[in-house]
2 protein chains.
Amino acid sequence: MALRENQPLSEVGEFELVEAIVDNFPQGEHVLVGPGDDAALVRAPKGHVVVTTDLLVEGRHFRRDWASARDVGHRAAAQNLSDVNAMGGRTHTLTLGLTLPGDLELGWPLEFARGFAEECAKVGASVVGGDVTRGDAIVVAVTAIGTCSVAPVLRSGATPGDVVALCGRQGWAAGGLTVLKRGFRSPRVLVEAYRRPEPPYDAGLQAAEAGASAMMDVSDGLVADARHIAAESRVAIDLRTADLEIPEPLEAVGSALGVEPMDFVLTGGEDHPLLATFPDAASVPEGWRVVGSVGEGSGVTVDGEEFAGAGGWVHF
Amino acid sequence: MALRENQPLSEVGEFELVEAIVDNFPQGEHVLVGPGDDAALVRAPKGHVVVTTDLLVEGRHFRRDWASARDVGHRAAAQNLSDVNAMGGRTHTLTLGLTLPGDLELGWPLEFARGFAEECAKVGASVVGGDVTRGDAIVVAVTAIGTCSVAPVLRSGATPGDVVALCGRQGWAAGGLTVLKRGFRSPRVLVEAYRRPEPPYDAGLQAAEAGASAMMDVSDGLVADARHIAAESRVAIDLRTADLEIPEPLEAVGSALGVEPMDFVLTGGEDHPLLATFPDAASVPEGWRVVGSVGEGSGVTVDGEEFAGAGGWVHF
């Protein structure tokens with residue numbers, strides 16, 4: 001039976017569905033056994049194993065009217081690849097779990113799989129296994145497994161005197177989400193940044209090799225995530241707005257919507273740039289921008305002052 | 001604020017919830033960085049990496065009135081540990097994703113975590129990371145990562161002349177599920193077998209070392225899963241009912257409910273015994289039972305005849 005992309009999943013056999021999804025996942029040379037057996041088997045590069053996992057729930061982490069299935073596939077992979085990147089590691093293997101409603105059209109998981117595969121290909125990682133089951137809502141469960149070939153960079157290693165540096169876009173996704181929430185579709189570059197973040201996948205290892213003392217990816221907001229490094233390292237961090245870039249489209253959205261564009265940069269999440277600390281400015285690698293400094297004390301300040309935005313307490 | 005187990009999750013902070021769950025997961029000596037950083041970091045034993053993942057959805061894979069949260073935790077871990085076992089590997093590391101409704105009481109995820117941790121402790125594996133998010137239904141996403149220190153045993157290696165052997169309980173969980181479906185709670189030993197399967201975690205490596213030619217765990221049914229080995233190995237398999245044990249409680253349930261007890265053994269899933277083929281009876285290790293033979297051809301027969309039960313086509 002030929003499958004049509006507009007066919008509801010309730011009319012598709014489970015094995016056919018799995019096969020159609022798996023067809024999108026090329027298996028790298030390091031994969032000895034891919035999907036289909038009890039478990040997958042992989043030859044991993046030498047080094048420590050890095051593992052991370054994330055769930056995306058429709059309505060909470062994505063909306064089908066704001067992002068295509070392919071976009072969601074890109075984003076689901078990106079946020080996990082980024083977590084491995086933030087340790088100084090590189091992902092070689094991923095697993096994917098999907099719960100899908102029966103009335104969803106087949107095209108959704110297939111387009112999702114294409115986007116997921118495209119994002120994984122950026123770092124040469126293979127999707128070796130997964131599970132697909134019926135559920136009332138779309139839930140995406142991703143686990144990324146990588147190797148850290150150098151000493152891993154944790155959140156806890158910053159010391160007073162270090163400089164704080166950033167690599168990658170920051171605030172773009174928040175700008176894109178804001179215009180989507182207000183019913184607009186432009187500036188297109190921001191909407192695209194929200195739909196498909198572009199984490200700097202080469203920067204994690206680069207920073208680790210350059211001697212970064214602490215590192216994480218910015219997924220919840222620059223100030224909010226800097227607080228994690230400050231807390232784990234038992235130091236104070238000061239961010240300098242003069243060194244934080246406000247790209248032209250964020251300026252445009254800010255003045256159009258009456259929002260301070262620096263707020264996107266300070267509080268926006270989901271761009272997945274890397275935030276790291278280095279012993280001095282000279283050790284900060286190319287492509288990174290020094291945006292602050294580490295001192296004695298605790299907490300995060302912006303231009304030396306308490307930051308009022310980006311609340312702390314999150315209710316489940 | 002002190003947490004109470006009967007508190008609805010909507011009143012619990014996300015970080016508090018994660019902390020309360022993570023408290024149940026001791027970190028083994030091989031774990032260099034556990035939960036809390038961007039990703040976890042693990043020192044893995046030498047060998048190939050074995051990876052598997054599974055989703056459990058409430059209402060589809062478990063019911064809260066048929067199994068306690070602790071039972072579901074045991075089962076969610078067991079089915080993944082079993083998949084690694086079925087390759088001849090051993091799990092060292094797991095990740096856990098949970099989507100939880102806001103009106104669920106805190107006690108559910110905490111009891112789940114206790115059961116999950118207890119099952120993982122059986123093989124010395126650590127739960128190093130996870131993700132918890134709000135969702136309309138309970139979805140459990142597990143990934144198990146292990147090491148195969150010997151040549152892995154796939155489904156595709158059986159050859160004509162091999163013997164087929166089984167290790168572990170088979171049919172018990174199906175018997176337990178059947179009595180639960182009819183509103184009974186006994187025989188208790190069967191209900192318990194359904195709630196907490198007991199896969200033979202030492203038998204996978206044992207079989208691999210003994211020269212097993214093919215192996216898998218029985219999760220969907222003995223005949224149904226034997227068909228996978230037959231198909232992947234391009235051989236025929238004949239199972240002999242005279243060699244399949246029918247335990248006393250299954251006899252009792254059979255006569256009480258008017259069900260042929262051998263049906264539980266031939267078609268029941270979720271016990272997770274191992275089904276393997278060996279070059280001859282002499283190489284079958286202790287604790288395993290020879291239950292059939294491998295021949296030329298294709299498909300699975302029972303006592304030399306086509307088996308009518310255990311249908312093939314599964315609609316999503």
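Quick reminder: no glycine exception, Cβ is built from N, Cα and C everywhere.
Marked as domain 'PurM-like N-terminal' by TrEMBL: A:36-147. The Mg(2+) 3 binding site annotation in TrEMBL covers A:D38, A:D83, A:D217. Per TrEMBL, the feature Mg(2+) 4 binding site maps to A:D38, A:T52, A:D83. The Mg(2+) 1 binding site annotation in TrEMBL covers A:T53, A:D54, A:D131. Under the heading Mg(2+) 2 binding site, TrEMBL lists A:D54, A:D83. Annotated substrate binding site per TrEMBL: A:H61, A:E270, A:W313, in sequence order. According to TrEMBL, the ATP binding site annotation covers A:G130, A:D131, A:R155, A:S219. According to TrEMBL, the feature domain 'PurM-like C-terminal' maps to A:160-302. Residues or ranges marked as Mg(2+) 5 binding site by TrEMBL: A:D220.
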Per DSSP, three-state class assigned to A:D83 (Mg(2+) 3 binding site): helix
Proximity to chain B among binding-site residues A:T52, A:S219, A:D220, A:E270, where any Cβ pair is under 8 Å: A:T52
Cα-proximity to A:D217 (Mg(2+) 3 binding site), 10 Å cut-off, over binding-site residues A:T53, A:D54, A:E270: A:E270
Helix, strand and coil counts within the domain 'PurM-like C-terminal' (A:160-302) (DSSP): 60 helix, 29 strand, 54 coil
Long-range Cβ environment of A:R155 (ATP binding site), under 8 Å and at least 6 residues apart: A:A214, A:M215, A:M216, A:H228, A:I229, A:E232, A:S233
Number of helical, extended and coil residues in the domain 'PurM-like N-terminal' (A:36-147), per DSSP: 32 helix, 46 strand, 34 coil
Rounded to the nearest Å - Cα separation of A:D131 (Mg(2+) 1 binding site) and A:T52 (Mg(2+) 4 binding site): 17
C-alpha spacing of A:D83 (Mg(2+) 3 binding site) relative to A:T53 (Mg(2+) 1 binding site), in angstrom: 9
Neighbour count (Cβ, 10 Å) for A:D83 (Mg(2+) 3 binding site): 30
